[in-house]
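To keep things clear, I will list the structure first and then write my remarks on it.
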Amino acid sequence: MEKKKVVIIGGGAAGMSAASRVKRLRPEWDVKVFEATEWVSHAPCGIPYVVEGIAPKEKLMHYPPEVFIKKRGIDLHLKAEVIEVETGYVRVRENGEEKSYEWDYLVFANGASPQIPEIEGVDLPGVFTADLPPDAVAITEYMEKNKVEDVVIIGTGYIALEMAEAFVTRGKNVTLIGRSERVLRKTFDKEITDIVEEKLRQHLNLRLHEKTLSIEGRERVEKVITDGGEYKADLVIIATGIKPNVELAKQLGVKIGETGAIWTNEKMQTSVENVYAAGDVAETKHVITGKRVWIPLAPAGNKMGYVAGSNIAGKEIEFPGVLGTSITKFMDLEIGKTGLTENEAVKEGYDVRTAFIKANTKPHYYPGGREIWLKGVVDNETNRLLGVQAVGAEILPRIDSAAAMITAGFTTKDVFFTDLAYAPPFAPVWDPLIVLARVLKF
């Protein structure tokens, strides 16, 4: 295969995974990555922990730029914004100049951007998003220069809860405002969110079913106005969701899928020849339903980049799709899921049965055991496990086990007879996941 030119737009997880994979398989190829910020291979999921003060901002880059440039031979351009895409070339604004670069293969890995509500005051000093590493730097610097006691977070998703924990841990008075009637409404059923909300109310002012009308202040933010009240604010975090950055792809005529993200096939190819997409900008299929979904999560993004890079370099491999496996926490309460919730399964047309159990993470006689709640969703016709949600303590092994089981097509009987490890310091003899399968019946 002759030497090719590969251009990758975006130097985050998906982009650098794609670039690294191409260079590993085709070290003689010219691989260029254009990243609009000065951060490469960054970890946005770490932003709350930088703000909390338990992680240094420098660690938000998995590898420094020198690793990709010197060790992997990638032509990495930082602070380089791609402003135009045409067949065979991209136009880049870099160091105050514009320059064109040719490509034989193109990868869109330019991620997603925060959805900012159209309300007055979002541009006031002291109002932030928590989407990229520069946001973590800006928030911490603002707190160092200004007295911050009252923090308002607009949103009730993962980022909102994680940022809330960061500020609560730092001793701030936190108000969490959401338009919906439940936190985490899109990803968890009510049995789970009821427990989460009870925990939140122990540590902050939770305001649900309130629409934010404006953010007000003179020289900087001072308060947030909703249709239900007025809340003092020295700092505001807007965490109302994200949207895929598809504008550049549209310039090239790339198909945008029904989810609003770039359509891709199993090889991460788009509708345009030799053009790929990976990460938060791309949609994929759901492992259970086979339908198109946009679930922007880091593990899948990395794998999408790996698959795109492999196929570009001639090593065919397919991305099988996602389950939406995810986990977060608020203080000492862990929250996670994999597969379909009951609400999602019913919307997809499944006849389901469910079970919701409370268990302990260790035998009653062994110290250190804590409560865990699990909800299982099963196809009533086939007994196939469709989804598991968990809240409480030590949920990770249960969620990860369930993800593997769902991927493999396990029924409740298969789950029940899975030979899980047991010893009193680690788990009860009847693991909560096995108990869940028993209650779901087979």
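Any Cβ shown, glycine's included, is placed from N, Cα and C.
Taken from Swiss-Prot, the feature FAD binding site covers Ala13, Ala14, Glu35, Ala36, His42, Ala43, Pro44, Val82, Asp280, Ala298, Tyr422. Residues annotated as CoA binding site in Swiss-Prot, with similarity to another entry given as evidence: Arg24, Ser41, His42, Ala43, Pro44, Cys45, His62, Tyr63, Arg72, Asn302, Lys358, Trp430, Arg438. The active site, redox-active feature in Swiss-Prot is assigned to Cys45; the stated evidence is similarity to another entry.
Here the features listed in Swiss-Prot are placed on the structure.
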residue: Ala13; record: FAD binding site; DSSP (3 states): helix
residue: Glu35; record: FAD binding site; DSSP (3 states): strand
residue: His42; record: FAD binding site; DSSP (3 states): strand
residue: His62; record: CoA binding site; DSSP (3 states): coil
residue: Arg72; record: CoA binding site; DSSP (3 states): coil
residue: Asp280; record: FAD binding site; DSSP (3 states): helix
residue: Lys358; record: CoA binding site; DSSP (3 states): strand
residue: Tyr422; record: FAD binding site; DSSP (3 states): coil
residue: Arg438; record: CoA binding site; DSSP (3 states): helix
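Taking Cα separation as the measure, Asp280 (FAD binding site) is nearest to Cys45 of the recorded positions Arg24, Cys45, Arg72, Lys358, Arg438. Sequence-distant contacts (6 or more apart, same chain, Cβ under 8 Å) of Tyr422 (FAD binding site) comprise Pro428, Val429, Asp431. Between the alpha carbons (Cα) of His42 (FAD binding site) and His62 (CoA binding site) lies a span of roughly 6 Å. A Cα-Cα distance of 11 Å separates His62 (CoA binding site) from Pro44 (FAD binding site). The highest number of surrounding Cβ atoms within 10 Å, among the binding-site residues Arg24, His42, His62, Arg72, Arg438, is found at His42. Among Ala13, Ala14, Glu35, Ala36, His42, Ala43, Pro44, Val82, Asp280, Ala298, Tyr422, the residues given in the record as binding FAD, the maximal Cα to Cα distance rounds to 54 Å. When Cα-Cα distances from Glu35 (FAD binding site) are compared across the binding-site residues Arg24, Lys358, Arg438, the shortest belongs to Arg24. Of the candidate recorded positions, Ala13, Pro44, Cys45, the one lying closest to Arg72 (CoA binding site) when CA atoms are compared is Ala13. The Cβ of Lys358 (CoA binding site) has 12 neighbouring Cβ atoms from other residues within 10 Å, across all protein chains displayed. Between the C-alpha atoms of the residue listed as 'active site, redox-active' and Ala13 (FAD binding site), the distance comes to 11 Å.
Cβ neighbours of Ala13 (FAD binding site) (same chain, under 8 Å, six or more residues apart in sequence): Ser41, His42, Ala43, His62, Gly279, Ala298, Gly301, Asn302, Gly305. In this entry, Arg24, Ser41, His42, Ala43, Pro44, Cys45, His62, Tyr63, Arg72, Asn302, Lys358, Trp430, Arg438 make up the residues listed for CoA, with the farthest two CA atoms of the set 51 Å from each other.
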